[in-house]
Amino acid sequence: MILKALFERIPAVLCQGSWDTDIASIAMCSKEVTNNSLFICIKGMEQDGHQYIQEAAERGAAACLVEEAFWKKSASVHGNLKQAEKKTSAYGELKLPEQMTIVSVQNTREAAAWAAAAFYRYPSKELKVIGITGTKGKTSTTFMIRDILEAAGYKTGLLGTIDYEIGEEKKRAERTTPEAIDIQRYLRKMADSGCRFAVMEVSSQGLKLHRADGILFDVGVFTNLGRDHIGPKEHKDMAEYAHYKSLLFQKCCFGIGNIDDPYYREIFKDASCQVCTYSCRQKADVQASDIMLVNRNGQLGTFFKVNGEEYAVSAPGEFSVYNAVAAITVCRHYGIDQEIIRKALKTIRVPGRVEVIDNDRGYLLLIDYAHNAMSLKNVLETMRRYHPRQLWVLFGCGGGRSAARRREMGCVAGKYADFTVITSDNPRYEEPERIMQTIEEGMKETKGQYQMMVDRKEAMRFMLAQGRPGDILILAGKGHEQYQEIKGDYLPFNERKIAQEILADLD
């Protein structure tokens, strides 16, 4: 594909070389560059891709996309495409490869998304793309929609927190919303493999960093908004967080929103799509009622009605009903038969989301991804409604994230659990003891009992040994993850497997 074709939908300046340069691939990482690549320079929080132009050239890059600030422009204008005359770096003297074509844009992240969409021939036009955004519930809702559509006979791709399912290929997810180039490549593979639908989680960071640009979303879903992802590396405040979430509904044709959420109006105030509401508490287009929790020999579930029709979902709690109703609303929009929806919901299992670990010790052991105060409160409140003898929770908090989240989670655990084990999660480059001390500050605002143990495996052993018949024990925070991130290393840590090994030792 020629370079000019990649910039049909975004203003760009040709600084050096030719628009007719042949492009064989696109890369944002210099190590992924091959012959005739377009290397896109991204200025990140820790590294600046502009510093790797020479390396990209040595690897065979034919062209490079830079930001305007990097290249001073002067121009004669030809529509959206501008021919620059000078080669002066705004960053000072920097030797650039003379043989490389160089293009500048205002924002390379935004341009990367549109260039990738063009390079992969706008694959979202060949699919029904469904995007789910919200603080919690994205993964479960995504799995529910995917399973229902598959049950109805529609081949469906998935991009989310747990994994990417691309046609016949399945790979572990690196982030909730992949980089723009990866998304477009995956969507193209889905379309080429015969997928009719693509269901994807759309994070606020993905929207903020333009990863979801260049995608034609057929349906967008808003689940809820809670205080999370607020900090120097994410969003400065809730207003910014809500703003970026709301952008999905300026990109989709049909929006579905949880009207019970306090941020519903804020999210949809500038929506350009038709909107359908759902609720568990008030009048809405799709309304759930008569919610009843069930526990059949340790198998948790929930019965409920939607507009008078009976449903059951194989997951506990009101939050599971919200996820199910969102999925029902999406699938009804596509005319999926009600009986197919009903049968699929009964058998859905989402890895690491209130996942039951079988044991012979008489207690109910769960693994859940709850890693913020909102999610932790929901799962603890729900489990309390099953009337356990004692409710236990074990959790830690990730390093490099808001300290407020740590105190909030400590406070929630102290209020809603009978006993809390504070331990490590993904400390990253922080000392785990420091993170745990901040959690303890929140815990001390309550009367909750707790124990602090840095080693997560030993903390698990302690809690699993202390549990008694009739108790409910929750391992929170890791969910589907199979690692601990410590000092830049990803160390194997499969919580499900470790729990089973500990249980075997205890027996």
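Cβ coordinates are placed from backbone N, Cα and C, and glycine is handled just like the others.
Annotated features in TrEMBL:
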- Gly134, Thr135, Lys136, Gly137, Lys138, Thr139, Ser140: ATP binding site (BINDING)
- Arg401, Asp425, Asn426, Pro427, Arg428, Gly477, Glu481: meso-2,6-diaminopimelate binding site (BINDING)
- 23-120: domain 'Mur ligase N-terminal catalytic' (DOMAIN)
- 132-330: domain 'Mur ligase central' (DOMAIN)
- 352-479: domain 'Mur ligase C-terminal' (DOMAIN)
- Lys245: N6-carboxylysine (MOD_RES)
- 425-428: motif 'Meso-diaminopimelate recognition motif' (MOTIF)
Intrachain residues whose Cβ lies under 8 Å of the motif 'Meso-diaminopimelate recognition motif' (425-428), provided they are six or more past its termini: 371, 395-400, 435, 456, 477-478, 481, 483-488
In three-state DSSP terms, the structure that Arg428 (meso-2,6-diaminopimelate binding site) belongs to: strand
Residue among binding-site residues Thr135, Thr139, Ser140, Asn426 with least C-beta crowding, 10 angstrom cut-off: Thr135
Other CB atoms within 10 A, centred on Arg401 (meso-2,6-diaminopimelate binding site): 23
Residues of the domain 'Mur ligase C-terminal' (352-479) by DSSP state, where helix covers H, G and I: 49 helix, 27 strand, 52 coil
Under 8 Å by Cβ from Lys245 (N6-carboxylysine), counting only residues of that chain that are 6 or more apart: Thr133, Gly134, Ser204, Leu207, Phe222, Leu225, Tyr263, Ile267
Cα distance (Å, whole number) from Gly477 (meso-2,6-diaminopimelate binding site) to Thr135 (ATP binding site): 14
Cα-Cα distance maximum in Å, computed over every pair in Arg401, Asp425, Asn426, Pro427, Arg428, Gly477, Glu481 that the record assigns to meso-2,6-diaminopimelate: 17
C-alpha spacing of Thr139 (ATP binding site) relative to Glu481 (meso-2,6-diaminopimelate binding site), in angstrom: 13
All-chain count of other Cβ atoms within 10 Å of Gly137 (ATP binding site): 27
Site of maximum Cβ density within 10 Å, from binding-site residues Asp425, Glu481: Asp425
Cβ atoms near Arg428 (meso-2,6-diaminopimelate binding site) (within 10 Å, other residues, all chains): 16
Gly477 (meso-2,6-diaminopimelate binding site) and Thr139 (ATP binding site), Cα-Cα, nearest whole angstrom: 14
Cα-nearest neighbour of Gly137 (ATP binding site) within the listed binding-site residues, Asp425, Asn426, Pro427, Arg428, Gly477: Gly477
For Lys136 (ATP binding site), the one of Arg401, Pro427, Gly477 that lies nearest, given that the binding-site residues are compared by Cα: Gly477
